[in-house]
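Peer 1: I am attaching a structure below and will ask some questions about it afterwards.
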Amino acid sequence: MHPPRSPISTRSSSGAWAPEDDITLMTARTQGQNWGQIQDAYFPNKTANACRKRHERLMDRRNSEDWDTLKFEALGKEYMAMRREIWSPLAERTGDKWAVVEAKVLGSGLKNLQSAARASTRRARLSASHDGQNAPPSYTDDSAIEIEDLDGQDFSVSPDTDCGFDPTRQQQQMQMMGAQIHQQQQQQMMREQQQQQQQQQQHRRNRQYIGGQVMHGRGHSHHNSLGSATSERNMGIPSIINRGPAGV
């Protein structure tokens, strides 16, 4: 028996999953259909990768709901015994206290941390592209799904796992951030060019000033030499007149 075929939806691949979509997805997967078959038969406006990730989220949610009180108490006991060991390596990389890192991570949630990681990677790529360097490697989460697989795909989750993440708003913020960084770098380049032009102009003025001083000094020297020679000649005329005839 095949699951009921969902009506063809006009929603994009990043649209929200309805409860009936989840039922169809889980039923089709239980029957052994692969992701391509499920996508073709029931979700033509989504990708096979989006179906796979949605199924993983549903399975994670089901597994988390299967925990009874005793199992959760055992988890709490082991966690409290390993808190420092778990968070200290991450705290060393961020330069914070491990208790602060623990509180920040647990308070933010996985989706917000993934969003922050993508923003950091994109900012580094943008900076590297302007510097002419190679872009840093892509961030990869613990489910081995590359960030490129997540971009423009299924970011929608149910309200209980959303953590306030809005993919459209995130994309707009990243575009604005990229435009601001580009504008700042352009302004910095213009300031540097202006400084270089000012330095070149000042260098030319200094050379012109020094050249003028040298030429002015040579003119004074030549004038003084001519004056001395003229004075000597003028002083020689009276001497000749005063000497009178030879022998007198």
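Each residue, glycine too, has its Cβ placed from N, Cα and C.
The compositional bias 'Polar residues' annotation in TrEMBL covers 130-141, 224-233. Residues or ranges marked as compositional bias 'Low complexity' in TrEMBL: 169-201. Residues or ranges marked as domain 'Myb-like' in TrEMBL: 9-59. The region 'Disordered' annotation in TrEMBL covers 121-141, 153-248.
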Peer 1: DSSP-wise, what's the residue breakdown of the domain 'Myb-like' (9-59) into helix, strand and coil?
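Peer 2: Helix, strand, coil within the domain 'Myb-like' (9-59): 32 helix, 0 strand, 19 coil.
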Peer 1: On the 0 to 100 scale, where does the mean pLDDT of the domain 'Myb-like' (9-59) fall?
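Peer 2: When the pLDDT values over the domain 'Myb-like' (9-59) are averaged, the result is 87.
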